[in-house]
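Step one of this worksheet: look at the structure below.
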Amino acid sequence: MAENSLNAVDPEIAELIRAEERRQADTVKLIASENYVSKAVLEATGTVLTNKYSEGYPGKRYYEGQQVIDQIETIAIERAKAVFGVNHANVQPYSGSPANLAIYMAFLKPGDTVLGMGLPFGGHLTHGWSVSATGKWFNPVRYGVRKDTGRIDMDEVRALALEHRPKLIFCGGTAIPRTIDFPAFAEIAREVDAVLAADIAHIAGLIAGGAHPSPVGYADVISTTTHKTLRGPRGAMLMATSDEHATALNKAVFPGLQGGPHNHTTAAIAVALREASQPEFKAYAAQVVKNAKALAEELASRGFDLVSGGTDNHLILMDLTPKGVGGKPAAQALDRAGLETNYNAVPFDTRKPFDPSGIRIGTPSVTSRGMGEAEMRQIGAWMDEVVTAVAKGDAEDVIARVHNEVSELTAKFPAPGLS
Ligand SMILES: Cc1ncc(COP(=O)(O)O)c(C=O)c1O
């Protein structure tokens, strides 16, 4: 063991990292916003690039010694432009929330109106929800979904836009199981002269792989995290077609909101984008959607109440009320059985956000492990067994048995990046 290795310097943290690696390997990860990055992305993340300060942009920095970093950031930008078909990309936002805040900084003044999807309907905190800075410092107006269809009501979006004349409209979100209608949002934004921001954090990998329509040509600006379906490191990007929007975004990111970019993350984003441009990634994105549909069908056939009745993408949102159990106790029992999910509010939820009626699941991670539709049907059956047992108040034996069966499955499908 090298004297200065992590094991030698901090055995406590080293062991916890190994424990997390074992946990990730042994769990069927159904969290819709997570994934397993490749060994190559992991390697780029843990490099000496973390030592370097690079305030500014390639060719225009405030620190010397950027001979290498400028090349890395330029490669990341060029790959983002190629993968998404945009004219401009900024790869510096620290994560999705700061990226979205940069959009406000670029186009709004405090107090200006933003129209975004309400959090309980599937929008993100940063789309103007009350507890977020975006809801406190701006004037948020919120759209939702129709009660009868569980889908975004574009008539409501248009009516709200005409009434409130927002300067910014967000589309996209964090718990939306259906395709986003970018052309319809663009038409409404044009009608009221608002900037249209497409937040594709969840579906970026599907868009890159051709499994979801692209907002390019419709949205003025696009924000995305890089660590969900796109399968990169924790980070974010902002993209635009026009020079004017791109200049405003660049100024908002630096010096508006951030200092030095995280260069190790930038390198890992470049690697992930290279992976996303390969033919295998197209197949991956298509399989993510096929798997989600197979899992949704299995769950629906077992009496689960799926918001909107199913899914078009990687994500399923379920109301567990008909199963007689809340989202939180269900998610906790599933986790003990080796099936990792998150509890989630559902549209028109009558329960509290920390103890909501639903759970949200997704297929990006299981698909990265090489699982297919047959495994999705098995996972749906296990979820049903565990949730039904929890509702009956007698789940211990079922949890123990399912956990054993889950371990047998995960052993057959090694996760990328884990040793
Ligand atoms: C749609 C959407 N936008 C933005 C974010 C924020 O990303 P981060 O958690 O990296 O700040 C998320 C995260 O879940 C998201 O789902």
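Glycine is no exception: its Cβ is also placed from the backbone N, Cα and C atoms.
Now, the feature entries from TrEMBL:
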BINDING   L119, G123, H124, L125, E244  (6S)-5,6,7,8-tetrahydrofolate binding site
DOMAIN    6-383  domain 'Serine hydroxymethyltransferase-like'
MOD_RES   K228  N6-(pyridoxal phosphate)lysine
SITE      H227  site 'Plays an important role in substrate specificity'
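Location within the structure of each feature annotated in TrEMBL.
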residue : record                                                  : CB count, 10 Å
L119    : (6S)-5,6,7,8-tetrahydrofolate binding site              : 23
G123    : (6S)-5,6,7,8-tetrahydrofolate binding site              : 25
H124    : (6S)-5,6,7,8-tetrahydrofolate binding site              : 24
L125    : (6S)-5,6,7,8-tetrahydrofolate binding site              : 18
H227    : site 'Plays an important role in substrate specificity' : 25
K228    : N6-(pyridoxal phosphate)lysine                          : 28
E244    : (6S)-5,6,7,8-tetrahydrofolate binding site              : 10
Integer Cα-Cα distance in angstrom, G123 ((6S)-5,6,7,8-tetrahydrofolate binding site) to K228 (N6-(pyridoxal phosphate)lysine): 16
Average model confidence [pLDDT] within the domain 'Serine hydroxymethyltransferase-like' (6-383): 98
Of H124, L125, H227, recorded positions neighbouring ligand 1, Cβ under 6 A: H124
DSSP-derived structure type at L119 ((6S)-5,6,7,8-tetrahydrofolate binding site), helix or strand or else coil: helix
Taking residues L119, G123, H124, L125, E244, which bind (6S)-5,6,7,8-tetrahydrofolate in the record, the widest Cα spacing (Å, whole number): 30
Three-state secondary structure, which DSSP defines for H227 (site 'Plays an important role in substrate specificity'): coil
Distance [Cα-Cα, Å, rounded] between E244 ((6S)-5,6,7,8-tetrahydrofolate binding site) and K228 (N6-(pyridoxal phosphate)lysine): 29
Cα distance (Å, whole number) from the residue listed as 'N6-(pyridoxal phosphate)lysine' to H124 ((6S)-5,6,7,8-tetrahydrofolate binding site): 14
